[in-house]
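Taken straight from Swiss-Prot:
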BINDING   11, 12, 13, 14, 15, 16, 121, 154, 271, 298, 300  NAD(+) binding site
BINDING   121, 271, 272  substrate binding site
ACT_SITE  205  active site, proton acceptor
């Protein structure tokens, strides 16, 4: 009998805590996993107490997932190396802006044969353009990565409301174990091999959701939002066909939870849409609204739009992605939000 696998969750925000609820419960009842699940918590003080202390005594992340009890076998650890050094499975769930620094701290301090799964929605820039977050982790830590993406608004997952998700595996032999770690009766997992397409969907849909929020802020209706979703999906597929080079890009992957389902839920719920709507209504900057509305959580859509803009500019492809470009120009270049509607009206799909 193989020794039970030790699991560490890197991150403890809204999504990290929701996943800790699932992983903790599954590890507690499956002999393939060690009963204790460590969760690295970036230490902060909440009402005069350390967040790790609150989580370990009251079993609740009162800052990022209030009102939900975490399993008692989830142990909050403030030291990243201490949390991750013995893990066989590393679950990455932090804002994509922090991944480089986190991996640098872990480098040389983890098991060589560990495997990783990234739940991080975003992309990085490499010297030749696009770099996937899972590739950044793989290069820095030398471990084989998978990814998990889907229509998974964290609070609904924590409420155990039914949803689906997609795991993309670079090494398909890791799929069954990761599925056992993640799947519950209300969190259904499909495993596919196109890990790069799964991951790119998770990043790009946040840009489209910003556009959906602009439409809401301008008072347009569901027909307009449906057009944003459709045109956004077309740009996501076109982008994947250019930049996902690990293998063929099949349309079927976009019909998984990581694709069209995640795009829909994010364009109707989710923080990117909410903040983009407020951006139109208040005239405040994205940075101001992030501080005011998200209580320490990070917004992924505008930052991803900026990275994608630079990648497309580098490849001379900006004209082929007018929706992505418009979101960037409005968020960062002071262009009027009304430009977003003309971007839809004049989209090359209609020419």
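Each residue's number is its place along the chain shown, starting with 1.
Cβ atoms here come from the backbone N, Cα and C positions, even for glycine.
Swiss-Prot feature annotations superimposed on the structure.
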| residue | record | DSSP class |
| --- | --- | --- |
| 11 | NAD(+) binding site | coil |
| 121 | NAD(+) binding site | coil |
| 205 | active site, proton acceptor | helix |
| 271 | NAD(+) binding site | helix |
| 300 | NAD(+) binding site | coil |
Would you identify which of the binding-site residues 11, 13 has the most other C-beta atoms lying within 10 angstroms of its C-beta? 11
Tell me which of the recorded positions 121, 205, 271 sits in the most Cβ-dense spot, judged by other Cβ atoms within 10 Å. 205
Taking the Cβ of residue 15 (NAD(+) binding site) as reference, which residues of that chain separated by at least 6 in sequence fall under 8 Å from it? 93, 119, 152, 154
Span of 121, 271, 272 as binders of substrate, largest Cα separation rounded to whole Å, comes out at 13
On a C-alpha basis, identify the one among 11, 13, 121, 205, 300 that is nearest to residue 272 (substrate binding site); the candidates are the recorded positions. 300
Using the alpha carbons only, what distance in Å do you get between residue 205 (active site, proton acceptor) and residue 121 (NAD(+) binding site) once rounded? 9
Taking the centroid of the Cβ atoms of 121, 271, 272 (substrate site), which other same-chain residues have Cβ within 8 Å of it? 206, 209, 266, 270, 299, 300, 301
Could you state, as a whole number of Å, the largest distance between Cα atoms of any two of 11, 12, 13, 14, 15, 16, 121, 154, 271, 298, 300, the listed NAD(+) binders? 18
